[in-house]
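TrEMBL annotations:
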DOMAIN    8-95  domain '2Fe-2S ferredoxin-type'
BINDING   Cys47, Cys52, Cys55, Cys77  [2Fe-2S] cluster 1 binding site
DOMAIN    234-419  domain 'FAD-binding PCMH-type'
BINDING   262-269, 352-356, Asp365, Arg427  FAD binding site
BINDING   Gln771, Phe802, Arg916, Ala1083  Mo-molybdopterin binding site
BINDING   Phe918  substrate binding site
ACT_SITE  Glu1265  active site, proton acceptor
Amino acid sequence: MSAEKEETVLCFFINGKKVTENHADPETMLLSFLREKLRLTGTKYGCGGGGCGACTVMVSRYQPSTKTITHFSANACLLPLCQLHGAAVTTVEGVGSTTTRIHPVQERIAKAHGSQCGFCTPGMVMSMYTLLRNRPQPTMEDITQALAGNLCRCTGYRPIVDGCRTFCQETNCCQTNGVGNCCLDEENNKEPKKEKSQLFDKNDFLPLDPTQEIIFPPELILMAETVRPQTLTFQGERMTWMCPVTLEELVRMKATNPKAPLVMGNTNIGPDIKFKGVLHPLIISPVRVKELFEVTHTPHGVWVGAGCSLSEVLCLLEKLVPQFPEWKTELFKALIHQLRNLGSQQIRNVASLGGNIVSAYPNSDLNPVLAAGNCKMSVISNAGTREVPLDQKFFVGFGKTVLNPEEIVVSVFIPFSREGEFVRALRQAPRKESCFATVTTGMRVFFSSRSRVVQEVSIYYGGMGPTTVSATKTCAALITRPWDEETLSRAYDVLLEELTLPPSAPGGKVEFRRSLTLSFLFKFNLEVLQKLREMNVITDELSEKNHIQPLPREIQHSLQEFQHVSKDQSTQDPVGRPIMHRSAISHATGEAMYCDDIPQMDRELFLVLVTSSQAHAKIVSLDVSEALQLPGVVDVITAEDIPGKKVRTMTGYPEELLAATEVSCIGQMLCAVVANTRAQAKRGASAVKISYKKLPDPIFTVEEAIEKSSFFEPRRIIEKGNVTEAFKSVDQVYEGEIRLGGQEHFYMETQSMLVVPVGEEKEFNVYVSTQAPSFVQDAVAETLNIASNRVTCHVKRIGGGFGGKVTKTAILTSITAVAAWKTSRPVRCVLERGDDMLISGGRHPVLGKYKVGFMNDGRILAADLQYYANAGNAEDESVLIAEKIVLHMDNAYNIPNLRGQAAACRTNLPSNTAFRGFGVPQSLFVVENMINDVALVLGCPSHQIREINMYRGPSVTHYNFKFSPENLQRCWEECKLKSDYSARCKAVDQFNQQNRWKKRGMSMIPIKYGIAFSEGFLNQAAALVHVYKDGSVLVTHGGIEMGQGIHTKMQQVASRELNVPTSKIYISETSTNTVPNTCPSAASFGTDANGAAVKNACEILYQRLEPIRQKNPKGSWEQWVKAAFFAKISLSATGFYRGPDLYMDWDKMEGQPYAYFTYGVCCSEVELDCLTGDNRTVRTDIVMDIGRSVNPCVDIGQIEGSFMQGLGLYTLEELKFSPSGLLYTRGPSQYKTPAICDVPLQFNVYLLPDTDNPNAIYSSKGIGEPVLFLGSSVFFAIKDAVAAARSDSGLMGPFPLHSPATPERASLACASPFTQKVPVSNPGSFTPWALNI
């Protein structure tokens, strides 16, 4: 083995340039190599686990056997550097740049407005670019598959899809886009042409020319063809990586090192190393052993090499299916079905078939199908070769198989099916794509010739225990019997008894998982009956035929309607026009700089936090001695090191920066390790030893907090009218409650900061991803006990914020600043996704209780609402959120007697914080559910109850604020019209009558949202505008660019006021040394405030130039500016905006807390699979009154993105905590945000025309937050569909459905015969896997 130990020089290419590494470390992933070593920062860190797509790159390899080049997308965060020998990698920088040329993919995503914060855009570009390298004319299905593994938190995906759609062949004719009338018919149409709303013109795009792409390096082809393959060995500090060439050598290596894992795609071992701290001294990578990639065809089936990637297996099976009779490929088609939904394209491109099987995940997608299909595998070891059947004996425990440690899977046999044999695969997952399954199944049945008698049957499930399980007894109940209702009915009972789960089973969802086993068997039954009928074996009519059809998935053409600017408006004036985000091209090329893209400073250190593992305990000791002895560790920062204030206080309750004596939640920060590198700091943090003494009775739920009166004071209450008296005079009274779960911000860029000591007079430069630079500046100054003028905060842009980058960011930056102060060195802190989710908190979960009094005609005369928000362990902004909850509880309804109270509950969970909507999505959700319940009690459509109770004419809110709801009414009527509401309601009813197991539901929801800060002092802004001698303009203002396009809008404002083109105006960054005392970019008030300040500054400058213009009226801007300089006229001006003096008097329960209201109405229709809870949003129509839009494409982007975030909140995103208070859901593999598969298939947005708003700049309105609540229209549409399903079971009236309406909740609420069979465990009789927060 001595020759093997000689270290290999790693050789590969990046963007056409050769890269050689003499000492490649097996622990180095491509992502960190690109970002830290090569400074290619376009590839982003989003999650580190292959779950978000932000780090997507293209890998190309030459195949000497076929003399072809393959291109595939992959996640750089999981791609070991050592795996890339002989490969060519293309990153977003290699695709195109502003200094060379931009690629059509980059251009189209940018110009179609598919970029907001821009952090996910390079990954989107790379996924699409790779697809086009393989298929220059893709289908829409290809595009949605390629982008399925790329998450975006800003855009709502529609503009990304629209930009990519322009590459499809079928976009050549508008009919294929679902527009209706073809452009070819236009000549026959004599009607006057109406100006069409268009956010972009595809005729402006560069054509795609595949011949212009970067070529595969000839040197690598030569290397592959001529150099004799040799074993590769890479030796790192703690790990060795060996890459054998022959099967014999591989067998030898594995025999000598049976514990060494085999790594092909690193999608299993990689996350274990990264997230669980597993260390393997040796890794064997058999990617060059050709026997593992061979495909052998036999008369009975096909042997597929175990090293083949899942994408290759999928491609192979798709090619084989059309070559054989339909009956012969039943198993192939079932596997294709599973492979298309297994992971993302990036994961499937690298994960291997053999690796997927032997990792033996309990909820595996493939193993139940392979086992049911009688597949087998060929394995080899020193002892020889043997064939191992994939059956129930193969899976022996969690992640364990019957294989011996030294055995290697060489290939997998997938047999042909026989005539009369049917195979089906089914899966249910929290999200439709790129998501681990909850339950999967593979089912196979073989019938005697031309009969319905079962000769063989095989049923396997995943997700029903620690291993893939066989339903042996159920199969025995089916065999030799006719496939009919009686046999199946007995089989359901046997199955229910055979596959049980303890009520506290890992993963939870016990009742749902058990019901899915029955539902899947029933679905299989429907498919088999359909097949038997097609073969004329049976002649019975199938009433459930329609159910066999899957949910719709075709993305339709969508409409975006906005008002065009007046024909009189100057062509140079950009206000009101759909102008591309000013940084969109930089986002798409990867040139846009974010905090962690700043190059490493000299002597820079990296900081990693140590957090509490206990929810409620005294700190007995904190031992850092072992950490300090580790290589690279420089220091450990504790509370004792803080020279100034050790706490931050919002409105009375102090929050410690670092806990000193006691912890009150898991994830509370205790100390911080600073080291020379990120990896060394992580190891140092793991070495810190903390001992605790547990304190009794931690509080986790709001019920526990209520019982123990654990609240952050004050609690808020507002009452209008006399609620108690009103309840006596109504026809009916109903009481109900509803829960709304929390939500993780999941901004794509995690919390990031870099603190640099200037080196003199205690001055610090702080580069930070925050929405509130002045807040951070104050926090750092107070923590270090220095004046604020010594701290300058710089923010270029942030990769999403949504309210989560204010309070916690200030604390994190303060800790980082202490480290920089103590070490006198620059210190960087970038949280890993799991730590970010653990530490930073999210949206407040809320329990809402209500008592409502109403008349039989639907008029609501009295309502009493109680809101309990789970605030977590620190106050943060929770009391302010409670205030906003009660201020919005009327929503769009004039309820004459209304009382509401809100309490922020103090618990031992991580502190929750501001999140887009700031309590309004929780407040209105409870109100709308109450309205829904009134409709269910009265048995009438919910939209009627909404209409009857809606504000009309001059109105007054419950806190005595006068307003006009005219535009609310207009939005409602317009939405009914645009969505064709009444006709579609009838169509939904008809659909529901024809389908037993699929239902459709519709819902129309209004919103009235108060804009601005109710704390009046926050409604101010300043700006600084410089005009330089060459006529160029530099604008600085207090707003933060976080994807909402504020810099673009400020550029438009300056352009109009100075009467110069936007190309002359530049915005570099937001910094506290140019504009001091800024207010947070929040409350949908950024454009209103900063726009007015920029306008003011520009007006001052324009006025100063008036004498110059009068002297030379025909002169150019440049001439005027130069003349002004020589005339000693100041070309710099500060603008200021003093916003409205808003207030709320809580004693009198009245005030004017908002400047104005933004109105909107949304109608959504869903299709629901009642058996699994899966659903599709078929269509969404949103009508918004946003006054006169400053930039329609930016505002429509905000509307769509906000809606999708709301759809996530109400139907998808679930935070799960263990019974001890530990957050389980700490990354995209456990926490599911909406992906492309969740976008409404038709997504129409209409901006209400002919409106204005005298209270904001250019008559516009704030739009960042209001639409999020309209995502609840999907929740209530699901609830409508569930109600239709329940009525088929004879269940009428109100029913509980808590938010989010996940497939689990929706399916159980449908109360199908199968869910009703499952016994329910009594709460309190067991410890649940997860808390009900």
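The backbone N, Cα and C atoms fix where each Cβ goes, glycine too.
Caution: TrEMBL annotation is automatic and unverified by curators.
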> Across all chains shown, how many C-beta atoms besides its own are within 10 angstroms of the C-beta of Asn266 (FAD binding site)?
Replying inline: 27
> Which ones in the same chain are close to the residue listed as 'substrate binding site', with CB under 8 Å and 6+ residues apart in sequence?
Replying inline: Gly803, Glu877, Leu880, Ile881, Lys884, Ala1082, Ala1083, Glu1265
> How many other Cβ atoms are found within 10 Å of the Cβ atom of Cys52 ([2Fe-2S] cluster 1 binding site), counting all protein chains shown?
Replying inline: 32
> Can you tell me the mean pLDDT for the domain '2Fe-2S ferredoxin-type' (8-95)?
Replying inline: 96
> Hey, of the binding-site residues listed (Cys55, Ala1083), which one tops the CB count within 10 A?
Replying inline: Cys55
> For the recorded [2Fe-2S] cluster 1 site formed by Cys47, Cys52, Cys55, Cys77, which further same-chain residues have Cβ atoms within 8 Å of the site's Cβ center?
Replying inline: Leu31, Lys44, Tyr45, Gly46, Gly48, Gly49, Gly50, Gly51, Gly53, Ala54, Asn75, Ala76, Gly123, Arg833, Pro1228
>> Return the residues near Cys47 ([2Fe-2S] cluster 1 binding site) by Cβ distance under 8 Å, restricted to its own chain and a separation of at least 6 in sequence.
In response: Ala54, Cys77, Arg833, Gly1227, Pro1228
> Other than Gln771, Phe802, Arg916, Ala1083, which residues of the chain come within 8 Å of the Mo-molybdopterin site, judged by Cβ distance to the Cβ centroid of those residues?
Replying inline: Gly801, Gly803, Gly804, Val806, Ala914, Phe915, Phe918, Met1042, Pro1080, Ser1081, Ala1082, Gly1264, Glu1265
> Rounded to a whole angstrom, what is the largest C-alpha distance between any two of the residues Gln771, Phe802, Arg916, Ala1083 that the record assigns to Mo-molybdopterin?
Replying inline: 12
> Which residues, sitting 6 or more apart from Met264 (FAD binding site) on the same chain, put a CB under 8 Å from its CB?
Replying inline: Ser285, Pro286, Val287, Gly307, Ser309, Val350, Ala351, Ser352, Gly354, Gly355
>> Using a Cβ cut-off under 8 Å and a sequence separation of 6 or more, which residues in the same chain sit near Phe802 (Mo-molybdopterin binding site)?
In response: Arg153, His745, Tyr747, Phe915, Arg916, Gln1205
> Using Cα coordinates, what distance in whole Å links Asn266 (FAD binding site) and Cys55 ([2Fe-2S] cluster 1 binding site)?
Replying inline: 15
>> Highest Cβ count within 10 Å among the binding-site residues Asn268, Asn356, Gln771: which residue is it?
In response: Asn356
> From the Cα of Asn356 (FAD binding site) across to the Cα of Gln771 (Mo-molybdopterin binding site), what is the distance in angstrom?
Replying inline: 42
